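Engineer: Pasting in a structure now, in structure tokens, and then I'll have a few things to ask.
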Amino acid sequence: MLHLAEGLRLPTNGLDYTLLGIYFAVVLGIGFAARRSVKTSLDFFLSGRSLPAWITGLAFVAANLGATEILGMAANGAQYGVYTVHWYWIGAIPAMVFLGLVMMPFYYGSKVRSVPEFLLHRFGPSSHLLSSIIFAVSSVLIAGVNLYALALVLKALLGWELWISVVVAGFFVLAYITLGGLSSAIYTEVLQFFVILAALIPLTVVGLKRVGGWGGITDTLSGEKGGAFMTAWDGTGIGSANPLGANWLTIVLGLGFVMSFGYWTTNFAEVQRALSAKNLSAARRTPLIAAFPKIFIPAVVVIPGLIALVMEPTLGKTEKGLQYNDAIPVLMRDLLPNGVLGIAVTGLLAAFMAGMAANISSFNTVFTNDIYAAYLKKDRPDEHYVATARWVTVAGVLIGMGTAFIASEFSNIMNYLQTLFSFFNVPLFVVFIIGMFWKKTTPAAGFWGLLTGTVGAMVNYFWLYKQGVIDIPTDQGANFVSSIVAFAVGAVVMVAVTLFTKPKPAEELAGLVYGTRSPGEPEPLGEGDDAWYRKPALLGWGALILAAVCYVPFSF
Amino acid sequence: MSHDSTPSKPAAQQVAKDVEELERRSQTAARLFDVRRIIGGLFVVYGVIVTLAGVFASEEDLRKAQDININLWTGIAMLILGVAFLVWLRLSPTVPPPAVRDGDAAE
């Protein structure tokens, strides 16, 4: 949860508010203009599977680049130093490449409309319903938590009352998603991606000049925090201490493998962007195109965190003073003149709204498609489901707004909730990975793996860690361990259950399991998709090599 | 859980068929506007406003941004990005999707 310190009020003026107002008007315009393209439920949920790869790719990275991510990763930069790059180069890129190269043919080729729907095909109704309900509940609550975080930030920066921010931001998100469905969510995300960069790049440039460039940062912080603070791997040997509270094994396994693969490959708020691409080639390229901006985002997020620490050495030192989360707002306040300041405020607000919109647009799809149409009201005409999805969007935003108000009363509970939800992706990932690569895996194993993996992570976090049964130095370190536990428990249970239950017949698994193909003709390549720069393998391996090269200056 | 595996084959194939049918009736490709127009338009407007703020920058603005006229540079960069999107749209406009083929209906 974001709590900004007092005294961060930005010196905004009419110019800044004009820029903000223009953005709100454009977003609403996108909603109205996208409305006429929504004819079927597929248009509403997946933009009719018709978008080009560069749009879905930028939306893929933007859906992740919410404001909590930006402020949070800058905070991590100030708190943990250069270690924060692990969240990008090992904690995102390999998983994004795996999604594009290995998993996307099964997702896109099987023509599923959501991640839970894939479980329906691969395993059956029980795991489908379980994961749909978990996803629907968690995405609405996360949307609410996002909205509350937005209200806190706006109160600190602009002095807006909490309820005004919640109502205004909630209303705009509600309006453009109800009107245009996923198309307006994706278009807004692409727009937000460019606006937030137009804010973060000037911020970083001016900040670097202020602290004497990269050399200035290194000199100051290596002196104050020790040399390891400015490296990626120093002090991560097992048993040695470092600011992150994690060793190389938990970083590679917990963050790099389990947590990141869980988030990037099975979180429907992300995967939905790829499923809306116009053909299989575009769908595979979606996370691969997203990987390249993702590699360079630390330059405009983590570096500002370090700059803020140089400028304000008291950051995060005292309870009352400036917190790590204040890193970017401090720079905005001290370095940006009116004009660019307005762009920065707009970018931050846009990032909050886009993050919330990603949750809402994936929620309405899963609720309408996987719960309502699959179990409550089957076989209605398609128009009925479009209308339902619009009402579900309204309900989802209203519940999210309600959650935001509850969160203002119980912000600690919300902290726990957020941790809790971070567990759901990992068990889902173990079910996917085993189900995709081991064709004997039975429907019952899918269900019990999902359930016990989730429970296992919770037991580790809330009992073993919080009650002090085992000793882990930081929350981040505990998160890494919890996800490894969830993965191990889920995997063991799946193997055990599979040995005693009946698998699905092989012909029902065509196109769902590694080594099989969807029935019917393979989709022909789109025009121009055979160009060398559109080859998924080249893009994927290129991203991996680039991420590895980025580690070099921070490793030796 | 034991009844999971029985009738799901027709269900899965039915879903794939439904999606194909919806894809044929989908209007997004034909009627959704091009996002490049929006990005280009917004960034040209932002670029002009922020560049003007840079042209008329006050001493205090410059001092705050470490003697970089950050409004001017950001504004010009945004203007270039906006124009680039509009030029790209001009040079390779949205390809209208092929009209619904007759043979498809019989499938």
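Placed from the backbone N, Cα and C atoms, the Cβ positions cover glycine too.
Here's the feature list from TrEMBL:
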- A:17-34: transmembrane segment (TRANSMEM)
- A:54-75: transmembrane segment (TRANSMEM)
- A:129-154: transmembrane segment (TRANSMEM)
- A:160-179: transmembrane segment (TRANSMEM)
- A:186-208: transmembrane segment (TRANSMEM)
- A:246-266: transmembrane segment (TRANSMEM)
- A:287-311: transmembrane segment (TRANSMEM)
- A:340-367: transmembrane segment (TRANSMEM)
- A:388-407: transmembrane segment (TRANSMEM)
- A:445-465: transmembrane segment (TRANSMEM)
- A:477-500: transmembrane segment (TRANSMEM)
- A:537-554: transmembrane segment (TRANSMEM)
Engineer: Who are the chain neighbours of the transmembrane segment (A:186-208) in space, where the CB to CB distance is under 8 Å and they lie at least 6 residues beyond its ends?
Structural biologist: 23, 26-27, 30, 34, 47, 51, 55-56, 58-59, 61-63, 65, 70, 176, 180, 214, 217, 273, 276, 293, 299-301, 303-304, 307-308, 311, 328, 331-332, 335-336, 340, 343-344, 346-348, 350-351, 353-354, 357-358
Engineer: Please work out which recorded stretch in A:54-75, A:129-154, A:246-266, A:388-407 has the most C-beta pairs separated by under 8 angstroms from the transmembrane segment (A:287-311)?
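Structural biologist: The listed stretch sharing the most Cβ pairs with the transmembrane segment (A:287-311) is A:54-75.
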Engineer: Could you name the stretch, out of A:54-75, A:340-367, A:445-465, with the greatest number of CB pairs under 8 A to the transmembrane segment (A:388-407)?
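Structural biologist: It is A:340-367, which has the most Cβ pairs under 8 Å.
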Engineer: Hey, does the transmembrane segment (A:246-266) touch the transmembrane segment (A:477-500), meaning at least 3 C-beta pairs closer than 8 angstroms, sequence gap 6 or more?
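Structural biologist: These two segments touch.
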Engineer: Taking residues 6+ outside the transmembrane segment (A:129-154), which of them lie with a CB under 8 Å of any CB in it?
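Structural biologist: Sequence-remote neighbours of the transmembrane segment (A:129-154) are 1-4, 66-68, 71, 114-116, 119, 160, 162-163, 165-166, 169-170, 268-269, 329, 348-349, 352-353, 355-356, 359-360, 362-363, 366-367, 370-371, 374-375, 396-397, 399-408, 411, 414, 417-418, 421, 424, 428, 447, 450-451, 454.
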Engineer: Which listed range (A:160-179, A:246-266, A:340-367, A:537-554) shows the maximal number of Cβ pairs under 8 Å with respect to the transmembrane segment (A:54-75)?
Structural biologist: A:340-367
Engineer: Determine which residues of the chain contact the transmembrane segment (A:160-179) at the Cβ level, with the cut-off under 8 Å and only residues 6 or more beyond its ends counted.
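Structural biologist: Same-chain residues near the transmembrane segment (A:160-179) but 6 or more away: 24, 27-28, 30-32, 34-35, 147-148, 150-152, 154, 185, 188, 349, 352-353, 356-357, 360-361, 364, 390, 393-394, 397-398, 400-401, 404-405, 408.
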